[in-house]
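K.L.:
Structure below; questions to follow.
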Amino acid sequence: MRIDLISIFPEFFDVLDLSLIGKAQREDLVQIHRHQLRDFSFDKHRSVDDTPTGGGAGMVMKPEPWALALEHVLTERPTPAAVEDQTAPPRPVLIVPTPAGELFTQRTAEQLADAEHLVFAPARFEGIDHRLLDWAQEHFELRPMSIGDYVLNGGESAVVVMVEAITRLIPGVIGNPESLAEESHADGLLEYPVYTKPARWRGIDVPEILLSGDHAKIRDWRSAQQDLRTRKIRPDLWARHVVAQERNLT
Ligand code: ADE
């Protein structure tokens, strides 16, 4: 998978060189390319923002530097493997982080983990001139995305969240793929509580069932814990789970 990140703070993405995503890059499972948006602005101050048309507080990002940066990314993208391959490559997915976007969930991450090419365009200030999004639809599959109902200073931290959630699902990135199947949200429920040794720590025992060696009983206990937790902490997820189960039974 190729990922392009365009920002006025490309250093923000240095965290992606650490840990499992850093290793995935070194193993060429994912190629992450960073671009400085100001490199595509050619005035004296390399400015990327201007006052809002119609008035109002704050500044708005100009569309032209973004269009030039995105065109640059399009020219750099890998061409189809064979010359005789007449099928047009799928359009890259352009993810624009915004609190006004579609909610990014585990299902979105699973869907995007199959993409060949993702481009992220995190805005600063009050956002990007909307005409850029109209223009971009011709070249990209456009996905404005929110990571939750709160407002960040800019889209970069949302990009880090999304890139981590997506890339960990690429085969080979996580050593033990079983851990993906059992974690929270994989099946629409929260994960069960986990324990390690010693069996008694500061006077608190691990649940006895986990020491029984009875794998069927342990499975049932974990599943019941998932139900309990989800009902209590995330009634919204629980309601969805119940509806899905009822549908499967009919
Ligand atoms: N930019 C600012 N707030 C955001 C949010 N909640 N999600 C994605 N991008 C954002």
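Any Cβ shown, glycine's included, is placed from N, Cα and C.
Features from TrEMBL:
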type	residues	note
DOMAIN	1-239	domain 'tRNA methyltransferase TRMD/TRM10-type'
BINDING	I147, G148, D149, Y150, V151, L152	S-adenosyl-L-methionine binding site
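Mind running through what each feature is packed against?
P.N.:
Averaged over the domain 'tRNA methyltransferase TRMD/TRM10-type' (1-239), the predicted model reaches a pLDDT of 95.
For V151 (S-adenosyl-L-methionine binding site), the Cβ neighbour count at a 10 Å cut-off comes to 8, with all displayed protein chains included.
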K.L.:
I want the residues beyond I147, G148, D149, Y150, V151, L152 whose C-beta is within 8 angstroms of the mean position of the S-adenosyl-L-methionine site's C-beta atoms, in chain order.
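P.N.:
What remains near the Cβ centre is P99, S146, A158.
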K.L.:
Looking only at Cβ atoms, how many others are within 10 Å of the one on Y150 (S-adenosyl-L-methionine binding site)?
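P.N.:
Total other Cβ atoms inside 10 Å, all chains included: 7.
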K.L.:
Given a separation of at least six residues and a C-beta threshold under 8 Å, show me what packs close to L152 (S-adenosyl-L-methionine binding site) in the same chain.
P.N.:
P99, A158
